[in-house]
Amino acid sequence: MTRYYTEDHEWIDVDGDSATVGITDYAQSQLGDIVFAEVPAPGAELKKGGDAAVVESVKAASDVYAPVSGTVTEGNDALEGDPALVNSDPEGEGWFFKLTLSDTSELDSLMDAAAYKAFVEAL
Amino acid sequence: MSDEELEPIEILELPLGDWHRARGARMVEFAGYHMPIQYEGIMAEHLWTRENAGLFDVSHMGQLMLSGEGAADALEKLVPGDISALKEGRMRYSLLLDEDGGILDDLMVTATPMGLYVVVNGAVKWDDIGFLREYLPDEITINHMDDRALLALQGPKAVDALLRVVPGVDALFFMEAGSFFWGPKSDPEPLWISRSGYTGEDGFEISVPASHAKALADALCAQAEVKPIGLGARDSLRLEAGLPLYGHDMNPEFDPVEANASFAISKRRREEGGFNGADRILKALAQGPAQKLVGFAVNGKMPVREGAPVYAQDGQVGSITSGGFAPSVGAPIAMGYVASQHTPVGTKLEAEVRGKRVVLTVAALPFIPHHYHRRGKAL
């Protein structure tokens, strides 16, 4: 399993052509208290860079983008009852959705952990 | 676009800017100033204020002193409140009205020995000053006291905390104000303190010379009940208290009756008129407004925010002007304008958010009961 990161502060764990997507610890710390999350339904077709999910803090609503293109296989239903999972465990239990990648070459443009760390430090 | 328009506008610093940063605040631009949006988190800060005491820096607001013979009568042309009847040390919430009765700002007016102390919103203070200067007679002096900071200490334990720092403040009741001394007996600093605020809780607003703001903020935060609170929680607290935010829930399109602020139109002024837009406003009072600001309970967990259209069965009947998650309610709430036939409490409507319909129910305001320390109220 390999973890990649986007400049929009999503992480994606890839295992073959299936993947899990969430937002990074940095992203949740910037958003603050998460009070609502809307995840895509299984079967939804996502395009790299397109809207995939919504996360809302007390203050504002933010889009979560698809890091790569693919078909959603599962949304994290646990976020409906406990959206604060995104704060408490953003890169684990607070994942947003799983998908089947349609083009694994899209991963080439994403960052690895070291590159993302440097990216955040430069912000 | 001319070069002039491309000049970046400088974001200004308030007396407590570095004080907030040193305490870990996340700063944002608000009303032209660097202001703290949050410290430890909006939810925790909100709940702390409801149970203890929160210190808010509201120094971006405009503190004006109107003085000169006839200042109250002159101001009454521009606001619908009974200003001339205000006794010294008493304050009133009022609305600055344009010639058509549209709301230019909401403000607090206090009668003081020096004149009328008026606190206006930060985002529109320069417009307010320009408007007041244009419409008040030349013999009325407008002193913009930009050498003073303004702190709000809000919450059920605010009185306990402030009393230890400034003796005597417990003598004030809600919407009363006075001058108090703070600091060493040899060199006391006069503070102007009112028992008022914008959270729905008991609390105080303290006008302090900018030079002493840090020392006062430190003294207040040294009290166990007090934590500094950011603008984020200020917004969620005032929304739960059903209090409108100027520029969102009020603007020049709406008159005081539409804005659910008829209470600010004093009895004598209703009888006598004589203020900007009196014809329109008194007619709306008598006949009912065409639309009105109401509160909404929101079904489910998805917040409904400013700008969302509101629908009845026969189409769009209004829109949301403030909305978000309410920490003390534990659910999303909102306020917005709807056509009058849809304003009774209990009316079911729908808002549209990202293409989805959400059920709204018109709710009584405030969402959380006010806990003011009113004169004449049994404890």
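Every residue, even glycine, has its Cβ placed from backbone N, Cα and C.
TrEMBL entries are annotated by machine, without manual review.
Per TrEMBL, the feature substrate binding site maps to B:Glu205. According to DSSP, B:Glu205 (substrate binding site) sits within a strand segment.
Look at TrEMBL and you will find B:18-267 tagged as domain 'GCVT N-terminal'.
Secondary structure by DSSP for the domain 'Aminomethyltransferase C-terminal' (B:292-367): 3 helix, 46 strand, 27 coil. Annotated domain 'Aminomethyltransferase C-terminal' per TrEMBL: B:292-367, in sequence order.
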B:Glu205 (substrate binding site) CB neighbourhood, other CB atoms within 10 A: 24
Mean of the pLDDT scores, which run from 0 to 100, over the domain 'GCVT N-terminal' (B:18-267): 97
